[in-house]
Amino acid sequence: MPLLALPNELLNDIAHRLFSQTDLDSLMQTNHRCYCLLNAHLYRHNARWFNSTARLWSAECGQMQVIQKSIREGGNIQTRNTFCETPLLLACRGGHKGVVKLLLEHVDPDATNDDGRTSLSIAAEHGHESVVQLLICHHADLQIKNDDGRSPVLWAACSGHDTIVKLFLEQGLDPDCSDTEYDQTPLSWAAENGHVKVVKLLLDQHVDLNSKDTYNRSPLSWAAANGHREVVRLLLSKHADTESKDGGDRSVLSWAAKNGHEDVIKLLLTHDANPNYG
């Protein structure tokens, strides 16, 4: 008797004797009848023997139907990959709002990966504003810091996502908060990476222009060293200290000169930076 002519009971028995997910999937894909008959079994098999890894793939790729089927068939909804990432963390990285919303009905929004990163931290870094809003509505902790000591607002500032930084500030976060490893504020991170919109937003919050990090460097020092002329201009317009020196006794002007940023040098000199200082 041909395989596909077998009754459902025998096809189910064959499926239950297959351990390989590839073999089971191949059988299921044979025709519409096998697909309808064995689809749920494949998800149960994945949950039982492979720790619900289907959820990791479907969350990362934004496959809502796969996630729904996987949840329906049971298994570990908090399964993790080799980097200790859960389906929620992967969905947040990809900006898959629908999947995130579904998962939040079942899991802790503050679960972390092996670097101590939360879903909110990852969504903020990658600029997924709608996902950030959703996590905030589900009471995700805004201030959890990862192993490098950075909170979600610092990741957003570092990555240049001004609308997300604004969202966090509207929740009452301190605009002068800093990480625990480098002691850099949102302004310092944004200035270092040349994110003009974030710098403007933070300056409107009257943040500390001359905050110093672990290396005793100010936001102006970082912006000048990296050649971010527009950021330098913005900081100077608010009277940032041009004579500030870092822990290595190097001035803002000295950093710009060392890295060959001629336009920044000219701008600093027009704001009375001392060429003989540091």
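Cβ from N, Cα, C; glycine included.
Note that the structure is a prediction, hence the values are computed from the model and not measured.
TrEMBL annotations:
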REPEAT    115-147  repeat 'ANK'
REPEAT    148-180  repeat 'ANK'
REPEAT    182-214  repeat 'ANK'
REPEAT    215-247  repeat 'ANK'
REPEAT    248-278  repeat 'ANK'
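Mapped onto DSSP helix, strand and coil, the repeat 'ANK' (215-247) counts 16 helix, 1 strand, 16 coil. Away from its own ends, the repeat 'ANK' (182-214) comes close to residues 149, 153-154, 156-162, 165-166, 169, 175-176, 220, 222-223, 226, 228, 230-231, 234-235, 238-241, 244 of its chain (Cβ-Cβ under 8 Å, at least six residues beyond either end). Residues 88-89, 92-93, 95-97, 100-101, 104, 109, 153, 155-156, 158-159, 161, 163-164, 167-168, 171, 173, 177, 179-180 of the same chain sit 6 or more residues outside the repeat 'ANK' (115-147) yet have a Cβ under 8 Å from a Cβ within it.
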